[in-house]
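Q: To start, I am sharing the structure in question, which I have written as structure tokens.
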Amino acid sequence: MVFAAIPSPSRGVVHLGPVPLRAYALMIIIGIVVAVVVTGRRLRARGMDPALAGEIAYWAVPFGIVGARIYHVLSTPDAYFGEHGHVADVVKIWNGGLGIWGAIAGGALGAWLAARRLGISLALFADAAAPGIILAQAIGRWGNWFNQELYGKPTTLPWAVRIDPAHRADPGVATYQPTFLYEFLWNLVVAAILLLVDRRHRLGRGRLFALYVALYTFGRLWIEMLRIDTADEILGLRVNIWTSAIVCVGAVVALLVVRRPVDPDVSPQEQRALGLVQDRTRRQPTDAAGETAGETRTATRHDDATDGVDVNGADVDGADPSNVNGANVNGADPVNVNVNDADGAGAGAGEQPVAGAENGAAAVSSGRTRVERPPAT
């Protein structure tokens, strides 16, 4: 006996006068908007132009939709080219039928073309976009609920989804596993993990995107095993199960093999895009003898307007000499900046190297701080 069940919508389309508004398409549109907004905010946090999210989406979305439809048609050919299929239905995407793998492949191709035109690294953009993409997928899954499609095996669980007679796989069974809900919840979990990992460990170089792919495909594996809709099989397993397994393994390999390079190996463009240009150094208070009381910390900040080094709150720019703790910086391209210590002590005996801006080196001593910048190349 079923005590409760998730009801299905009576219809998946609403007519605004003569214009039909299909819920499936509406979910996709909402997902795209969310992805663009989230990605834009993450790009801004990285010091990049948030408008890049919309510019790349302008290419990625059409390519993704076409790729999703192509994958769906190729993975379920009988529905279109079989004995009872209709070739004309290939273009009717409003009736459902978009393969997520084709969407990812097509969207990646469109994003790559856009990134080349804009002159940015696709890997850097993909890391910023990963949480937004998985959120878009979560929202898009509700389109399956409106269309009463892609549900799982029959069940009497309280959270089962009730399917109308016209859409039932078995005329005698009314409730099924709500696979759309499982994938929605899993995608939210993946989004939370990505945001947490990115906050604590800036993976970089496309590794966060690889983590997104690995986590999503891992969840898709067991969700796919619950589905009972018609699909082609290889060795007794659905094609999507094989695809999920292969892509998951590939993503894990990429996550393990691709290492974040040390700063000298990162191009200036990528440093600016990720905010790796370190241009703000803050020292801990010193004791009476001039010894450094705490470790020197370097904050990461990206600034398109300046290429200088900020030492103790003052900017050092080759084109605009500044005064740093009482020491004037003269010249168009300063290399060494000597700063008298706050207690007035002279040069100390020892120096402690710390990380500087743009791979420059800084030495903190009891008497002076020296900031060295490498010659321009």
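Keep in mind that glycine also has a Cβ here, set from the backbone N, Cα and C atoms.
Straight from Swiss-Prot, here's the annotation block:
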COMPBIAS  288-297  compositional bias 'Low complexity'
COMPBIAS  308-344  compositional bias 'Low complexity'
REGION    265-377  region 'Disordered'
TRANSMEM  18-38  transmembrane segment
TRANSMEM  48-68  transmembrane segment
TRANSMEM  93-113  transmembrane segment
TRANSMEM  119-139  transmembrane segment
TRANSMEM  177-197  transmembrane segment
TRANSMEM  208-228  transmembrane segment
TRANSMEM  238-258  transmembrane segment
Q: Looking at the stretches 48-68, 119-139, 177-197, 238-258, which one shares the most CB pairs under 8 Å with the transmembrane segment (208-228)?
A: 238-258
Q: Who are the chain neighbours of the transmembrane segment (93-113) in space, where the CB to CB distance is under 8 Å and they lie at least 6 residues beyond its ends?
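A: The answer is 22, 24-25, 28, 56, 59-73, 75-76, 79, 122, 125-126, 129, 137, 143-144, 147, 149, 213, 220, 240, 243, 247.
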Q: With the transmembrane segment (177-197) as the reference, which stretch in 18-38, 48-68, 119-139 has the largest tally of C-beta pairs below 8 Å?
A: 119-139
Q: Mind checking which residues reach the transmembrane segment (119-139)? Cβ under 8 Å, same chain, six or more beyond either end.
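A: The answer is 27, 30-32, 34-39, 42-43, 46, 48, 52-53, 56, 100, 111-112, 183-184, 187-188, 190-191, 194-195, 198, 203-209, 211-212, 216, 269-270, 273-274.
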Q: So what's near the transmembrane segment (18-38) in sequence-distant terms, Cβ-Cβ under 8 Å and 6+ beyond its ends?
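A: Same-chain contacts beyond the ends: 9, 12, 53-54, 57, 61, 65, 94, 96, 98, 129, 131-133, 135-144, 146-147.
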